[in-house]
Amino acid sequence: MTRRIVCIGGGGHAVVVIDALQAIVSTAADMEIAGFTDETGAAQPILGLPCIGTDADLPHLVASRLLTHYIVAVGSTRGGGELRTRLFIAGEAAGLAPLTAIHPSAIVARSALIGEGTIVMAGAVIQPRVEIGRNVIVNTRASIDHDCRIGDHVHVAPGAVLSGGILLEDGCHVGAGAVILQNLRIERGATVAAGSTVVRGVAAGALVKGTPAR
């Protein structure tokens, strides 16, 4: 059966998600992208894909467009990933299955576990015994080393580096180019600012920045 996919979200991050999906679909005979939704339902096409409705239209679109799968194409993790979490729940509530997507140029160890609805972008590296939760973004050229555990609804931004043995709890955001040293715990909803170097654990909901991050 052909998997018919809808992207939930139509902003800048959706452009990269759609490009990744198009790269995957180009070699997968059982997948096609139906389009994307956004808050207005009137967005311009993205990379040739139409806006097929609003996020609230999902239950109707499942039947009218014969949709089977979805992926959250919103990058924001403000509020501990509240928006991404809400959209992920809405997709499942509409009867869709979350799609896990791995760009063909990503390197993923055979022993790594990737959760439902997670997207691994171009050039990302995921090393052995990594466990990644649901609805996670591993963005362009991000690197996650051995034995890391990543919770749900997390965004690891472009070029971020996670050393081995890190615990990154639900709803965290690791900014572009940030580095986290090994065996640290970054608690639920914490944010590591872009370019920071984290040398100690981070409390729930905290924002840390700088080198060393404080």
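Including glycine, each Cβ sits where the backbone N, Cα and C put it.
Since we're looking at a predicted model, the values are computed, not measured.
Per TrEMBL, these features apply:
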type: DOMAIN; residues: 4-77; note: domain 'PglD N-terminal'
type: BINDING; residues: G75; note: substrate binding site
type: ACT_SITE; residues: H146; note: active site, proton acceptor
type: SITE; residues: D147; note: site 'Increases basicity of active site His'
type: BINDING; residues: H155; note: acetyl-CoA binding site
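For the residue listed as 'acetyl-CoA binding site', the nearest of the recorded positions G75, H146, D147 in terms of C-alpha separation is G75. Counting only residues at least six positions away in the same chain, the Cβ atoms of P128, R129, V130, G164, G165 sit under 8 Å from the Cβ of D147 (site 'Increases basicity of active site His'). In the three-state DSSP scheme, H155 (acetyl-CoA binding site) falls into the strand class. Around the residue listed as 'substrate binding site', the same-chain residues at least 6 positions away in sequence with a Cβ under 8 Å from its Cβ are G11, G12, H13, I137, N139, H155.
Residues within less than 8 Å, Cβ to Cβ, of the residue listed as 'active site, proton acceptor' and separated from it by at least 6 positions along the same chain comprise Q127, P128, R129, V130, G164, G165.
Residue counts of the domain 'PglD N-terminal' (4-77) by helix, strand and coil are 24 helix, 23 strand, 27 coil (DSSP-based). Cβ neighbour count for H155 (acetyl-CoA binding site) (all protein chains, 10 Å cutoff from its Cβ): 24.
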